[in-house]
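Enquirer: My structure is below; once you've seen it, I'll send some questions.
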Amino acid sequence: MESSSESQSTSNSSSSYGKPLTHNTHLSTPLLRASSMDDPQSSSEKSYWAWSKHDFFPEKSFQSFSSYKSAISQTCPRLKDRVFGRSSDTFELVDLRRESITPLVKCLTWWDLIWLAFGSVVGSGIFSITGQEAHNHAGPSIVLSYAVSGLSALLSVFCYTEFTVEVPVAGGSFSFLRIELGDFVAFIAASNILLEAIVGAAGLGRSWSSYFASLIKDDSDFLRIRVNSFPNGFNLLDPTAVVVLLVTNGVAMSGTKRTSFLNWVASVLSTVVIVFIIVVGFVKAKSENLVPFFPFGAEGVFQAAAVVYWSYTGFDMVATMAEETKRPSRDIPVGLVGGMSFITVIYCLMSLSLTMMQKYTDIDVNAPYTVVFDKIGMRWAKYLVSIVALKGMTTSLLVGSLGQARYTTQIARAHMIPPVFARVHPKTRTPVNATLLTTILSALISFFTSLDVLSSVFSFSTLFIFMLMAVALLVRRYYVTNTTPTSGLVKFLACLLVIAGSSIGIAAIWNLGNHKWIGCAVCGGVWFFGTLALQLLTKQRAPKVWGVPLVPWLPSLSIAMNIFLIGSLGYLAFIRFFVCSAVMLLYYVLVGVHATYDVVHHNERDTMVGAAAYDHSGQETKVEGKADMNQDIL
């Protein structure tokens, strides 16, 4: 790990949100709070459920039709302003929190984070995808597929951890990208985060319904209502999925610590069952089942790795819990990195035990563990597998609800969606409005829509954000506003383009080319020299508390692996992703760009007032804000 003192250049951290070269200080007052101060009835005295138009659209551009018309006429210059606008550590960590009026409570430790990661990641995928990929693509080498995917996930975890330690806010990747890559890129990420949250929760709800129905009767659609007049993919109504979503999200709204405790209890019990499965697998193992170890060659290992990677997704939900972590500098690295390492070991051992108990050609692709226990005379054990699978989906929904609500909260704090969704309930100390928003949308989709309709969009969005996080980490290390010389910026961007271009080349050649190994070797060489050139550049910043080791190599490798996995998706995933992004971009042009522009320039006016106050009162306000930020980090 890398670390350094705060004496390193930290212009981006100490400056605040605004244009690329001129930032506000954290003296500014968020727009919603500033407006509420003018209200005769203070926000703290209002009922949490007392909403008005002002709570949804407090910005100047939306005060009247004429003001909105004027804002629309200035779309181009405002869009340019937002494309190049960057936030700062201080603004995300101190200023935006005021939008929630009531703060989130710090109640989580590294122990909670480890089990939240376990509950979020270890779902039903390991019990179904393992058999499918071992049978069709990897054979006994499925254990290596899980190891490769686990490495890729761990690289992303490293990137998340460094950001989360230094900027422990509820926004997760949204806030991190907003700081390093700017407002517009952050919006693209935010829109995909929300899409991921809504589609992912809806998919899990329908999966839970299918699995539960299969336990009752040999028909996964047993609990669904068929409406023949609706089109295929939307004609199986699922009230069970809706109920499951409402219950799990209701628990998440009731309190963070309560949800964490329930997740811990369920995860510990499922770990006991998983250990039992692994032990039985090794006891009943037959070495001849591991031969041949590479029946489909190295290509099969990587093809399976691209599929089983989805078993590792969900850890980014835990990163959004940083604002509620007691000691971020200690708890987050242990919780995130430790949790993902623990999960990787479990996945590798489970996949190895399966292929040792049964020849890969005989593994059932739909219910591998259930069938193999039946064949070795332990039919009763299949019920344990079913219980663990249902538990996995339930805890994934629980932790997902926590994370999705906190993503939404920070996005609302930035006014990219109405800031009323940033409010934290004064009694439960959870973002109830944000949770209700994602719950209602997920429930509607899960009620009508089959899982396969939007699942590929979810996959693309996840990998896209992980790739952007690695890029953002490199930007954080090699570029500091007003400090990095122009020549250094040009060299950095050139290296970054080489890394990204060669990574795209590897993915394209692997999926489309005839001479895969030769083309990939050439592009791999270009990637290596691009990363080496970046290594020779001077870093402009070192981490203050905890840092990703071997920079730029690990982030560069993360970029390459995520782009490679994106390339393994079908063309429909690309079409759906870009169509959804186009719809979100339309929303940004009509609403988001004007709301965020107003917030930024409202705060610039406050900065002038704050500067005048600063001249008369010295450094009192400024030091107080920095002290708050340092306390949050430590």
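Even glycines carry a Cβ here, placed using N, Cα and C.
TrEMBL entries are annotated by machine, without manual review.
Dumping what TrEMBL says about this protein:
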COMPBIAS  1-16  compositional bias 'Low complexity'
DOMAIN    546-595  domain 'Cationic amino acid transporter C-terminal'
REGION    1-26  region 'Disordered'
TRANSMEM  108-130  transmembrane segment
TRANSMEM  142-164  transmembrane segment
TRANSMEM  184-204  transmembrane segment
TRANSMEM  234-255  transmembrane segment
TRANSMEM  261-283  transmembrane segment
TRANSMEM  332-350  transmembrane segment
TRANSMEM  432-451  transmembrane segment
TRANSMEM  457-476  transmembrane segment
TRANSMEM  488-510  transmembrane segment
TRANSMEM  516-538  transmembrane segment
TRANSMEM  545-565  transmembrane segment
TRANSMEM  571-590  transmembrane segment
Enquirer: Any chance you could find the range in 108-130, 184-204, 457-476 with the most Cβ pairs under 8 Å to the transmembrane segment (432-451)?
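Expert: Ranking 108-130, 184-204, 457-476 by Cβ pairs under 8 Å to the transmembrane segment (432-451) puts 184-204 first.
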Enquirer: Please report, as numbers and ranges, the same-chain residues at least 6 past the borders of the transmembrane segment (108-130) whose CB is under 8 Å from any CB of it.
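Expert: Apart from its flanks, the transmembrane segment (108-130) reaches 142, 204, 207, 211, 256-257, 260, 263-264, 266-268, 270-271, 274, 307-308, 310-315, 317-318, 321, 324-327, 330-332, 334-336, 338-340, 342-343, 346-347, 350-351, 354, 366-369, 385, 388-390, 392-393, 395-396, 398-400, 402-403.
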Enquirer: For the transmembrane segment (261-283), could you work out the same-chain residues 6 or more beyond its ends whose Cβ comes under 8 Å from its Cβ atoms?
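Expert: Contacts of the transmembrane segment (261-283) (Cβ under 8 Å, skipping residues fewer than 6 from its ends): 111-112, 115-116, 118-119, 122, 251, 346, 349-350, 352-354, 356-357, 369, 373, 376, 378, 381, 384-385, 387-388, 391-392, 394-395, 398-399.
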Enquirer: Looking at the stretches 142-164, 184-204, 234-255, 516-538, which one shares the most CB pairs under 8 Å with the transmembrane segment (332-350)?
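Expert: Selected stretch: 142-164, with the most Cβ pairs under 8 Å.
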Enquirer: Just to confirm my parser: what is the rounded mean pLDDT across the domain 'Cationic amino acid transporter C-terminal' (546-595)?
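Expert: Its mean pLDDT is 87.
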